[in-house]
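Over in TrEMBL, the protein carries these features:
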{"type": "DOMAIN", "residues": "142-266", "note": "domain 'VOC'"}
{"type": "BINDING", "residues": "Glu196, His214, Glu262", "note": "Zn(2+) binding site"}
{"type": "ACT_SITE", "residues": "Glu262", "note": "active site, proton donor/acceptor"}
{"type": "DOMAIN", "residues": "272-396", "note": "domain 'VOC'"}
Amino acid sequence: MVRIIPMASSIRPSLSSLRFSGASSRCAFSLSSFNPSRRHVSFNLGSGIAPVTPPFSYSICLSVFSPRVFLLPLLNFTLGTLGTVLRFTAVPQTQLFGLKASRLFRGDGNSMTMAGAGNVAQASTTTTPENALEWVKQDKRRMLHVVYRVGDMDRTIKFYTECLGMKLLRKRDIPEERYTNAFLGYGPEDSHFVIELTYNYGVDKYDIGTAFGHFGVAVEDVGKAVELIKAKGGKVTREPGPVKGGNTVIAFIEDPDGYKFELLERGPTPEPLCQVMLRVGDLDRSINFYEKAFGMELLRKRDNPEYKYTIAMLGYGPEDKSAVLELTYNYGVTEYDKGNGYAQIAIGTDDVYKTAEAIKLVGGKITREPGPLPGINTKITACLDPDGWKSVFVDNVDFLKELE
């Protein structure tokens, strides 16, 4: 009898029996029981098994079927058989991307990789780029918020609410970690793209760098908005007028920390906080990454040779109804200074595990493996794009629970 002991779990799954036979060794594994009170899973070594001979390594894990799919935490152990080595590898059921029956058993001479059928054990198989990227397109994604650091939280909140017409949605202080967050925007977080400000105790200034561009805010009358901002003591860095190479009336202002906001003249829109502009060193490379790894759609691309720059708009919906990412390539510039002010964009997803797998397949760098955050259990994963811009994907269901 081999016992595999969970580190901790309150899962009450329903397990059916699993049998596997290796032709060359006439061996069998049979799942005999799961005892919630004793918290162990038992496997009987069936007849015909060769004597246990270390040090062959086995890593067995169950993908448990339950209303919320969990990966039962198990310990590794060592076994050995004569002639055949069985390798079981752990993978959550949510990561399988359509595992086919023909891929359940794979062998190469004296070794075999096995995946259990039914609702008991699922072993990993090679995730194909086609399956992963197709899932990305179907995932329910939305830009949730953009995060950056400020030197005076109250001063910034006052500017955004009085000059830009935003609402303070919530504020939280974390004294044990010495920082404060504030969320501001033009509507509730469960349906609008918002700003998350971070104030770190004792830090009153940040370097914005040259890579971050601006945030975009849609207004019905840019001229009136600029006059209000001036009356409130705000800094206007570009007076209202048509955009270079276009007809849209715009203006630029700066907040108290030096972050730029582009005011764009538009009709009524459900998403006034409408853009985040970042500079990149290779626009085509970035477009390819955001389309495949993030599932964004290229909404439009415009080259302005007179002013030596090209922009691309990407997002999860049309520009006039949702927030978008504006990527800017300046001719001949491949690297920028990111400073330490701007942090990241957060994006909602139905599955952070599949998201991380897809990002890896496209060549993205995962900086935080998918899993729950300590204390609040919200599942996230974080990554960097080819230019080093950070994004965090947040589980949609967990995000809504956090808002509650």
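Yeah, the Cβs are placed from backbone N, Cα and C, and that goes for glycine too.
TrEMBL does not curate its annotations; it predicts them automatically.
Sequence features annotated in TrEMBL and their locations in the structure.
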residue: Glu196; record: Zn(2+) binding site; Cβ within 10 Å: 21
residue: His214; record: Zn(2+) binding site; Cβ within 10 Å: 20
residue: Glu262; record: Zn(2+) binding site; Cβ within 10 Å: 22
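Helix, strand and coil counts from DSSP across the domain 'VOC' (142-266) read 23 helix, 58 strand, 44 coil.
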